[in-house]
Each structure stands twice: as structure tokens, then as C-alpha cells.
Amino acid sequence: MDSMSHSKNEEVETKEMDIRSMSSSRRYVHSARYLHKVGVPPKQNLFQEFKATVRETFFADDPLRPFKDQPRSRKFVLATRAIFPILEWGRSYSWRKFRGDLIAGLTIASLCIPQDIGYAKLAYLDPQYGLYSSFVPPLIYAFMGSSRDIAIGPVAVVSLLLGTMLSDELDPVQNKPEYLRLAFTATFFAGVTQATLGFLRLGFLIEFLSHAAIVGFMGGAAVTIALQQLKGLLGIKNFTKDTDIISVMKSVWSNVEHGWNWQTIVIGVSFLSFLFFAKYIGKRNKKFFWVPAIAPLISVVLSTFFVFITHAEKQGVVIVKHIEKGINPSSVNRIYFTGEYLVKGMRIGVIAGMIALTEAAAIGRTFAAMKDYQIDGNKEMVALGTMNIVGSMTSCYIATGSFSRSAVNFMAGCETAVSNIVMSCVVFLTLEFITPLFKYTPNAILAAIIISAVAGLLDFEAAILIWKIDKFDFLACMGAFLGTVFSSVEIGLLIAVIISFAKILLQVTRPRTAILGKLPGTTVYRNIQQYPEATKVPGILIVRVDSAIYFSNSSYVRERILRWLMDEEEQVKAECQSTIQFLIIEMSPVTDIDTSGIHALEELHGCLQKKNIQLILANPGPVVIEKLHASNFANLIGDDKIFLTVADAVSSCSPKPVQEQV
């Protein structure tokens, strides 16, 4: 009985082993039989390919979709609403929304009026031109803009940039009429630049100025602007026209004995302390957001009244004196359309317009994200460009989105762009009736208002975060900052652009590569540096290229792969392991390849053949595989050497271990 039961058990075990063996064999045959090959997409003709490329480049958001299958009358209505978004959201406008916009508009008006007077001085323009620029442009933007929160008007950085570049061409005092005409010309071409970028859907061009470079440039501009205000804050009459910190500090200290005015210093420092204290209250408690918003106007009123009753202007306190009364006069005939200043105005306008556009885009996106709505970047550019073109014809200089005013607008509970209309109406009343009251306003209070306003542009938290995330970005940030502070606004901007492009070139010409290993218990292959537990496959080197392969990096990619191979061969010899027989290139991240890239792969294939190493490709994308077949490279290495996944490629190189593992 025992022998019979023993034999039966042996038979059962044998059958179970045969079943497991057959199951394993079937699974392996099944996997081999259904091994998917890399598909080649259907070939497109040249026109189709060009059309698809243009559509993805310029019309990725498919702006014409709402017009599809619509009657002509409906298309006209939709087109009108696309140009003037106010016709879309205005249909659902209510009294509740107007209350929020009214409060927000009055609040930002109280902030913008004293700021505009000071910012005009930064551009070396008379005070009324700052007020003009907060009257017409906000009205145009309210009808054409898509942001609910952005507040339009002159800003410190653009005012300083414009004043610096204009004064390099013409003296704002000796050649005042020509200087003013050049300012209007620059504003006109700034608007043309902005509108053209939006109309041609080229908004992606402003993205080439990195966030880090903008943080550094804005911080440097803030320091430069604050240093320039020392003239008004200390009552210095003979002050340098240079903007770098060394020249400014020399000018300040050279006037210590006889150039400083103690009455001016008392007024300036006292109200500057008050403005910073108001900001502190607003930051501590969000309910008191209106305190820092209304503080500049309170400062202007109190300081003006103080100077009026004490006649401090007779003691050396410099005052604003006359501000021209009335709304914007026409300036159409004062724009240079011919002559030597035409090209100069175009150059200044393009640069200042791009900076203004960058600032407005950043502000619009920030507040749109907070309220969870979308803004159309191209429509925004058209709106900003149109308002500056119209502004240049109505005695305005470049206006854009102001971060400080937009923040106040947001905190005040604005609902729509009607808050800009309310602000514009208040500025209109100011120009018509109130400007004579600013006669005794001291320049020191304007300097204090500007210093307190630009202090917010120094974003230390952003700089620290940039340092933690990317050291090269931090280099761009500091390069832009130091260039602006120690040289000029133009040099700082140039450094910011150069470093931003240098980063792009570095990433394009030196793409990242990695060696992949197999994660235990899976068929997943990952970077061995990121996953130390991933193990290399004996006799196989798996490399991933994390970039498109173009003429700019093809040689580097080839040489880097060969260096990986050389390092691996040395390690294999040292550890007495099996030699490398296969090189697998994981091509999932390779989005595109050109003729130089294919030529580099051909050279790599030739080098590997001399070493008796087979080249295998894993998961090339549709564009890449199409070009590999078109260039005959797929036939060169063999169509059976191109696999859908790294796991498939490894199993084809080492079927025995894979079969055993299964």
C-alpha cells in the first residue's frame, strides 16, 4: 500500500511539474508571439505636415472653434464679443457686482493718483502725463481686456526704463518738446509691438525671459528706483543722472554738508515711516487692506497742507508747483513717423513694450489663478497694445498692469474690469477740478510713496526658493539684479535676456542622459541614480536620452553614450563580469530627431559594430520612427532591433533568463 501510494504521489507531482512547465512555456511563447512592434504612423504629405505644425504653434487653443457651423450673423456677434469681452460678461452684470467694483475702483484711485504723479517724474515727464495715462488706457482695457483684476496705469519699472532710455537720446529739460514727442513715439510703437504679438499669436516669445531673470531684474529696478528717490527725499538739487548705485551714492555723500535739506528730510522720512507702518498693518490683517491703499493719498493731503500753512517751500522744500488742468489733449501730430527719431522711438518702444507686456502677463495670470478663471494671453496683448496706441495719441506714456494696484483691486473685492472705469472716472474728476490743489505737494512725499511702492518688488522669498530649486536660475536672477544695480536698467535687462537664452542653449546642447536598471520584481527600467535598488542587466547597457536629438546636441549625445559604454566596460573588466554585447537606447523622451541626429546614430552604430556590440532602440515616438524609416536607418540596424519597450528589448537579447524568471 505504501509503495502504491508513493508511486501515485510521484505521478501527481510529475503531472503538476509538466503542467507548470507547459504553462510556463505557453506563457513565454504567448508573450513572444504577441510581442508588439513599434508602429509607423501613416505618411502625411508636405502640406498636411506644415498645416499641422502651424496650427499647433499659433492656434493651439483652437480659437475658431466657437465659429464652427454658425450662421454669418452669429459669427459677427461672436467676433465682436471676442474683440470686446465686456459684451460677453456685461450681459450678466448686476448691482451686487457694481458695488464691489465701485469700492475697488475708488480704493485704487486713491492709490494711483499720488503714484502717477511720482512715476511721471521717473520718466522725466510733467506730473499731468502720469494722470493722463491712468485716464484713457484703463477705459480702453476695460472694454477689450479679459482680466477681471488687473489695474491699468503707469508703473515704476517701465517709467524708469523709459526715462533712462529717452534721456540717453534727448535732454528732458533743454529739449523738452522733442523729448515729449519721442516719449509719445515710443509709446505708440510699444503698443504696436504688443498688439502685433497678440494678433499674430506670438505671445510665447515673452516666455523666453525666465521667471528667475524677471525676479532679479524687478528687484534690481526696485533698488535703482529707490536710490533715485534719494534726491527728493533728502532735498538734493544737484544730483547725478546716472542710475548705478556707485554714482548715486557718490552724489549723495558729496552733498552731505550743503546739499541736504533738513526740512525735506523730516517730511520725507516721517511719511515714509507712516507708509511702511500702513503696509505692515495691511499685511498683519487682510481686513485692513484699505489702510496701505489710502495711506499715500492721506500722506499727500497732510504734507501738502503742512507745506501750505508753513510755507516750507521758502525754506528749500521743493514742491510740485503747477499741474496742468484738464483732460488729455490730442498728441497725434506729435508722434514721429519720419526723421531720425523714428528708429530711436521704435527701438525704445519695442524694449519698453516687451517689459510692460511681461509684467502685465505675470500679474494677469497670478490673479486669474487665484479666482480660478482663464485669460486669453493673445487677447490681452491686443488689448494692451490698443490702449497704448490710443494712449500715445492722447498724451499718455506707456501704461500696463500694476502689481501693487492690482493687489489692492483684488483685496478690495473687484468683480470685473469696471473697477478700472471707476478709477478712470476719479482721475477724470481730478484732472478737471483737483489738480490745482497739488501745487504745494512736496517732492519728498512723492519720493516716499515711490520707495514704499517699489519695496514690494524686492521678492526675497522668491530668490531663496530659486536658489533651492535651481542654481543656474539663481545665477540668472543675481546677474539681472547686479547688472541693474551696478550698471543700468538696460544692462540688467540685457544680462537677464542673455542668461535666459544661455540656459536654453545649455539645455538644448547638453541634454541629460541616464543609465537604466531593472526594478526588482517588475519589468520596469529606471534611472539607477534615482533608484539605487535597480539592477543592471548582465551583458546589456541601457541608456536613456532625455531630449530631442538635433544638430545642436547630436555629437554630444553620441560621445556621451560612448563614454557611458567605456565606463561600463571598465567596470565590467574590474568586476570580471560578462562583456557588454547589447546597447539599448530608450527613446521615449526623444520627441524629434533631424538629419544630424540620424547621422550621429549611424556613426554610433558603426563604432559599436567594431566592438561587436549590437545597437537596439526602444520605443521611438511617431515622428522619430517615421524619420528613421525615411532615412533607411531602421533597415541599417534591422527592423527586428526596434522594440516597443525596454523589457521587450531585454527579453530579445536574453531570452533564456527571461524564460527562467517567468
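Cβ from N, Cα, C; glycine included.
Bear in mind that TrEMBL entries carry predicted annotations, made automatically and left uncurated.
The annotation domain 'STAS' is assigned in TrEMBL to 530-653. Under the heading transmembrane segment, TrEMBL lists 150-167, 179-200, 212-230, 260-281, 288-309, 348-369, 381-400, 420-438, 445-467, 479-502.
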For the domain 'STAS' (530-653), the number of residues DSSP places in helix, strand and coil:
62 helix, 21 strand, 41 coil
Give the one range among 179-200, 288-309, 479-502 whose Cβ atoms make the most pairs under 8 Å with those of the transmembrane segment (445-467).
288-309
Against the transmembrane segment (150-167), which of these stretches has the most C-beta pairs under 8 Å: 260-281, 381-400, 479-502?
381-400
Same chain, outside the transmembrane segment (348-369) by at least 6, Cβ under 8 Å from its Cβ: which residues?
147-150, 155, 157-158, 161-162, 165-166, 169, 182, 185-194, 197, 203, 206, 209, 214, 375, 377, 380-381, 384-385, 388, 398-403, 406, 410, 490, 493
Looking only at the domain 'STAS' (530-653), report the model's average pLDDT.
92
Beyond the flanks of the transmembrane segment (381-400) by at least 6 residues, Cβ under 8 Å:
120, 123, 125, 129, 132-138, 140-141, 144-146, 152-155, 158-159, 162, 183-188, 190-199, 203, 328-332, 335, 349, 352-353, 356-357, 359-360
Chain residues in Cβ proximity to the transmembrane segment (179-200) (below 8 Å; excluding those fewer than six residues from its ends, i.e. six or more beyond):
58, 123-125, 129, 162, 165-167, 169-172, 206, 331, 334-336, 341-342, 344-346, 348-350, 352-354, 356-357, 377-393, 395-398
